[in-house]
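Since the structure comes first, as structure tokens, the remarks are kept for the end.
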Amino acid sequence: MRGQFWLVMSCYIITIICKLAFCIKLIENEKSIFGFKSKKKDMKKLSNIKVRNWKQKKIQQFFIINKVKNKKYNNLKKSLNMEYSNTDDQRLSLLKNLENKSKIITQSPAWNEKIPLLEINDLHAIEVEGGKEILKGINLTIYLGEKHSIMGRNGSGKSTLAKVIAGHPYFKVTKGSMKFKGLNLTDLTVNHRSLCGIFLAFQYPIELPMVKNNEFLRTALNCHRRQNNEPELSPSEFDLLMINEIKKVGLSPEFLDRPVNYGFSGGEKKRNEILQMLILKPSFCILDETDSGLDVDSFKLTSDIIQKFSNINNSFLIVTHYKKLLELLKPNYIHIMHKGKIIKTGNYSLVDKIESDGYAQFVEE
């Protein structure tokens, strides 16, 4: 009898468990129908969605990166393997994008020191965006060994003239001519002008956050050394050269490891421009308000360097508002600009007249 009792009880317990399991399953199904899923399942589903989206994003990035890499590779391949190019023009256009290490012409065979270093005749230039005319008939002649200064009111076109000579892409020459060492300057690229010996120290030096100063300077110097048939400098050789040069401008060696002009003070930026001038040794230096924004010590240091660097083998075009720098450099000629034209040229005595009576005496309103 006892065995039969436990058998009946076991069957009864199993029946209850099965009914409970059925009820639980039924409740879960009802929740699923009406959108009431368990939090655990929701979290699991959300996690799966995030993982899926992350994978899709990574796949997209992979294809985009490889697309860019393939494009660069194909361009290089096309330029080196001529089977993809149908004409000589196509081959030349592709090769122009590669670094050109060949020598270029930096002066006319007929040019000598008795011929003007820079000769500008009736120069007109406009802004590329907007088409506003800034330069309206500039005439300027500079010989080797001379120092010229451009002065004038704000907005008269001084900085624009400096940038047009250097080949700034924001401006376009519409009329007139510029010759440098006998070459037609308007036909030359910015890099070509630099190799010819033209150097521009910006009023507001550009920041290059991703380029270290030593890499920038060494690359620029090696371009000039190649042009002069001199061996390129390795990083270690360049560092040795810079030990003395960087001291001249009052900067520490750690300065070379910093990005170009990024996070620099105003004085450091200007001294960095002067450092470039010392390294590249250009024959024509354009200083666009290099003296502005400098404290007393930085101004004295900068002006002393410019004065020592100036010699019979180079020329200067100095854009400034201040008499103090001109007192030290003693330019041969002073030019006054107004509304895109040079309206007056004279010797250093013009500086004293400007200092006493301003520009109104030279301007016909």
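Glycine too: its Cβ is placed from the backbone N, Cα and C atoms.
The model shown is predicted, which means the values in this text are computed figures rather than measured ones.
Swiss-Prot lists Gly152, Arg153, Asn154, Gly155, Ser156, Gly157, Lys158, Ser159 with the feature ATP binding site. On its own chain, Ser159 (ATP binding site) has Gln203, Asp288, Glu289, Val319 as residues at least 6 apart in sequence with a Cβ closer than 8 Å to its own Cβ.
Positions annotated as domain 'ABC transporter' by Swiss-Prot: 118-364.
Within 8 Å of the Cβ centroid of the ATP site, not counting the listed residues Gly152, Arg153, Asn154, Gly155, Ser156, Gly157, Lys158, Ser159, the chain contributes Met337, His338. When the binding-site residues Asn154, Ser156 are scored by other C-beta atoms within 10 Å, Ser156 scores highest. The most crowded of the binding-site residues listed here (Arg153, Lys158) is Lys158, judged by how many other CB atoms sit within 10 Å of its own CB. In three-state terms derived from DSSP, Lys158 (ATP binding site) belongs to a helical segment. The 10 Å shell around the Cβ of Gly155 (ATP binding site) contains 13 further Cβ atoms across the protein chains shown.
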